[in-house]
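Notes for the one structure printed next.
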Amino acid sequence: MARDRREGLEIKVVNPPAAAAMGSNNNNASAETSRTQRRQQLRASFAEFRPFKLWFPWLVPAIVVANIALFAISMFINNCPKNSPNCSARFLGRFAFQPMKENPLLGPSSLTLEKMGALDVSMVVHKHQVWRLFTCIWLHAGVFHVLANMLSLIFIGIRLEQEFGFVRIGLLYMISGFGGSLLSSLYNRAGISVGASGALFGLLGAMLSELLTNWTIYANKFAALLTLIFIIAINLAVGILPHVDNFAHLGGFTSGFLLGFVFLIRPQYGYFNQRNNPRGYAPPSAKSKHKPYQYVLWITSLILLIAGYTVGLIVLLQGTDLNKYCSWCHYLSCIPTSLWSCKSQNVYCESSQIGQQMNLTCIANGRTEMYNLSYDNQSRIQQLCSQLCR
């Protein structure tokens with residue numbers, strides 16, 4: 001209490017009752033709580049608004065498991081200790097690897113892979129085993145090969161399956177793998193080919209076309225585009241090294257790029273907004289599901305895919321060697337530098353048939369071996385000759 005002597009007034013300063021203070025504090029707290037709840041509800045409403053369904057990814061992990069299982073089966077069938085005295089990691093028993101000089105990737109022999117469905121152009125052309133264009137993408141030449149491809153598949157494929165579902169990504173994977181095998185068989189006609197690289201590059205190509213065709217719905221468009229182009233360029237650059245089948249990479253990438261315009265097309269956001277409008281509300285202009293350029297890309301890509309695959313199969317089954325008509329195409333597969341050479345060393349062997357066995361003698365080093373083989377399997381004879389002359 002204070003007294004003002006000039007006016008004769010007594011001024012009292014009284015604190016509010018405890019109950020009133022508590023009520024005021026409670027009102028402030030409840031107001032703050034309600035504002036927090038409103039903000040949380042608003043965030044939840046934005047989070048729940050997802051015009052595109054998010055799928056649970058199960059197909060890509062299943063493909064990874066299948067590839068690893070098939071590699072284990074190929075090693076079981078290979079049974080290196082029974083067929084070779086110089087196996088790597090003999091402590092693995094039946095699952096031991098072929099000698100490093102024969103297969104530096106730690107895997108089975110070429111004969112085992114051929115039995116299981118590796119891509120052998122002579123088999124496709126002369127015996128019309130077109131199915132090898134599909135089966136080869138499920139086989140791998142070694143531990144390093146299967147690990148590199150499967151890690152890449154997990155990194156690339158799971159996000160795509162979450163966004164677009166298992167049907168689209170499954171078709172894209174298989175058709176791109178077929179496209180990679182087809183282009184590889186048109187230009188690389190010697191030896192066998194295995195691996196999922198063509199299918200993996202198909203997924204990369206589809207990511208690029210998906211970004212382009214759904215350009216309007218992306219934020220940070222140019223950053224995403226430059227990042228993706230950089231990743232693709234690095235992977236394609238690896239293909240200029242010797243002993244890497246870059247034609248499979250190019251075939252898979254081109255197929256995937258075109259398939260992305262077919263399978264991964266997105267409706268525009270305006271189409272979803274008008275579907276969520278309240279009843280009775282008439283928008284100023286109705287939005288179509290897709291933009292005109294998306295329809296043009298869809299039709300053009302589908303025509304190019306059908307025409308390309310048809311012509312490629314016809315040329316392959318006729319046995320035409322496209323390297324005769326493209327003198328510079330070999331630079332797409334390997335570019336010679338001071339560090340390596342792209343020229344393959346030609347090896348020659350003398351052969352003689354004795355009953356069901358064939359005797360091969362390498363002319364370069366004089367080594368001789370007997371094999372259970374006939375003259376009909378020319379590709380296998382060439383492979384054995386290459387191993388004999390190492």
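Note: Cβ is positioned from N, Cα and C throughout, glycine not excepted.
Where the annotation comes from TrEMBL, it is an automatic prediction and has not been curated.
TrEMBL lists 55-77 (among others) with the feature transmembrane segment.
As annotated by TrEMBL, domain 'Peptidase S54 rhomboid' applies to 128-264.
Residues or ranges marked as transmembrane segment by TrEMBL: 137-158 (among others).
The transmembrane segment annotation in TrEMBL covers 165-184 (among others).
Residues annotated as transmembrane segment in TrEMBL: 190-210 (among others).
According to TrEMBL, the feature transmembrane segment maps to 222-241 (among others).
Per TrEMBL, the feature transmembrane segment maps to 247-265 (among others).
According to TrEMBL, the feature transmembrane segment maps to 295-317 (among others).
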Query raised in the report: the transmembrane segment (295-317): which same-chain residues, six or more beyond its ends, come within Cβ distance under 8 Å?
Result: 121, 124-125, 128, 130, 175, 178-179, 182-183, 185-186, 209, 213, 255, 258-259, 261-262, 265
Query raised in the report: Taking the domain 'Peptidase S54 rhomboid' (128-264) alone, what is its mean pLDDT?
Result: 86
Report summary line: The correct DSSP tally for the domain 'Peptidase S54 rhomboid' (128-264) reads 107 helix, 2 strand, 28 coil
